[in-house]
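A.B. asks: Quick paste of what TrEMBL says about this protein:
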- B:61-85: region 'Disordered' (REGION)
- B:76-85: compositional bias 'Basic and acidic residues' (COMPBIAS)
- B:103-204: domain 'Electron transfer flavoprotein alpha/beta-subunit N-terminal' (DOMAIN)
- B:295-371: domain 'Electron transfer flavoprotein alpha subunit C-terminal' (DOMAIN)
Amino acid sequence: MTSPEVRVLVSSGRHPVSGRSGAAREDARAVEMALALAGEGVTLLHAGDPADASLRYYLGMFHEVPGLPSVGRVGRLDLLSMPAESDATSLLAEQLRHAGASLVLTGMRSEIGEGSGLLPYLLAERLGWNLVAGVAAIEHCDSESATILQALPQGQRRRLSVRLPCIATVDRAAPAPRQSAHGPARRGQIRVIEPQESAGVALDEPRGQWRFEPARVRPKRLKVVKGGSARERMRAAASTGGGGGGRVLSDLDPEAAADELIRYLESERVLQ
Amino acid sequence: MSSGIIVRRDPRAERIRRNRLHPRHHEFCQPAARWMGPNGVMRRNPHTVAAIGPNGLRRLDRSGATVTGGPSLRSVNDESHEQRRQVTLESPDFLVAVVPECPEGRLSSHDRDLFGLARQLADRDPASSGAVVAITFDHNAPELADAGADRWLALDDDSYAGYSPETRLTALETVARSWSPRHWLLPDGPAVGSDLGRRLAVRLAGLQPGSEEARAAARVWQVDGDHCICRGGGEHRDIHRPLPQVVLALAECAEPVSETRHEARPITLDTAPVPSIRRVTDHGRVAVDPSCIALDQAPFILAGGRGIGDWPGFHETARLLGAAEGASRVAVDDGYMPRARQVGATGTFVTAGCYIAVGISGAVQHLQGIEHCQRVVAINSDPGCDMVRRADLALIGNGDAILAAVAARLEARQHEEYRHDVA
């Protein structure tokens, strides 16, 4: 089986607690998924500042893991040089159109900046490609189509098949990324591509008028009980959630209790 | 005045009457209809003997006969609190479209918040009234009137079933062309919940390139007049920006509608959406091994505690039920379950739809851990424990024996199905 050509869009991330710059967690999962799928056929792609040190983290993931495809000699990353405030969509779309990749993986949304998660959708719309959101695993991929497991809430999965070329965003439920090693990170090649005049780096105009502030703590929603007597409202405010109103069945033998439990679970559609 | 009457105090009753949180406060506080006064005169309380007459007025019957039948004053007051103001809107000036996610065919609390935000936008200007249009891909959504929708467009074709982002997007695009709503509100939930909203945002932005209005705001958590606040990437930035056409809002972005009821009048599209080619094929849900799901995401949990003696039987029952396994701190400390399976404040906070606690008395830390569970079943030998009080269904008995009986029944049923399939 020839391994398909896979591009991974990576961005620099930010540690949620310490705030240190590093790899974005979902992007690292996307790199892991691509390496496990295609091995040598993986190329990373980033648009932004060439001096960004956190991109080396992803290159450090290009090392062999037993049981998975070989990743080749060194990692490769194409870097489209661009000021931080400009719009990456047109640059990335041009690059992907000419690169000839059939599958593009990326995280759900970036960890710094606007973080709206719209970029994969903009790229798919501009290129006319398919898009699948929230991928947990890629079961099968050939040159024509891919079979994908999509992550749903509560740990559930849905199987989809999609025709290539396709952009897939990788969910947190995907397998954890392998460690980044120092040697491969040093050896990895970063190819800086200066933008063509024709592509034209568009400055992100509307964003200039937005106001960025440190995140405020969102107010906790209060349980407001309307009406009733003062005593009822006081009780509702002082109670610690739930309680009361349940059905208590005592003096049952185990057989009857089991019947009761199964009937309840069926009526609540927990048990089919 | 007879001096021979001794009026006795009841200090306990007085104490309970003073303590509004006492469990029996209510019955002690009931004003008595007649009592002997301190001077030996019989006193009457007119409030208790009065009743609500047929016209809703309170009547005092002095004949001494007990008045029954009519509703009491209290229940009438409660009903008037429950009554919402009916709002009808004949010719709206503009539209606000809401596309609720409706997981499991019902409005989630996130969807209700979204309708609350839509009402906030529609009723902002008293001079021009806006109508909230709910667009659902499901034919039964009965709570839309209470949630705050004036109009309801139900697109319940078979082609919208399952994961069908392309057909749904084409339908929404047709709505945008024919009615051009001023705002589109869609939920920005975790995982794939926000997929359709982002597709619509990009498609509508393509129709009017370069316009600042067209650039969607994602992860909006507050709307204030013409501005909104979005949570930026990595949760450490807030972005204040003008309110665009497409708004993808987080949960608790606004208060849900509670004062009014709207008509949710069904409407239909004049032009049928052009059917689009399905390029993504949905092969349906995949059976997931419940023991592989992270405990905080598991939809169905069977948890055991100190009251379990037969642990192999417990594991077998969990397997037959298809439930993820959880444990109390005691069971983990005693070495019967791994630490990763501990439920509670010192372990994992779970969000299961159904939680069965076997032999767990319900320490405060454990009850905090299951605060977000929708349905709780307790199996316990002690009818007075806190878990039984918390539970929606409590079965008093020996946990091991009940689980064994459940396992036997489920096994018999599986055998029957297997035989049925073979035959």
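Keep in mind that glycine also has a Cβ here, set from the backbone N, Cα and C atoms.
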A.B. asks: Could you put numbers on the helix, strand and coil content of the domain 'Electron transfer flavoprotein alpha subunit C-terminal' (B:295-371), residue by residue per DSSP?
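C.D. replies: Across the domain 'Electron transfer flavoprotein alpha subunit C-terminal' (B:295-371), DSSP assigns the residues as follows: 25 helix, 17 strand, 35 coil.
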A.B. asks: Per DSSP, how many helix, strand and coil residues does the domain 'Electron transfer flavoprotein alpha/beta-subunit N-terminal' (B:103-204) have?
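C.D. replies: In the domain 'Electron transfer flavoprotein alpha/beta-subunit N-terminal' (B:103-204), the DSSP-based counts are 53 helix, 16 strand, 33 coil.
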A.B. asks: For the domain 'Electron transfer flavoprotein alpha subunit C-terminal' (B:295-371), what's the mean pLDDT in this predicted model?
C.D. replies: 92
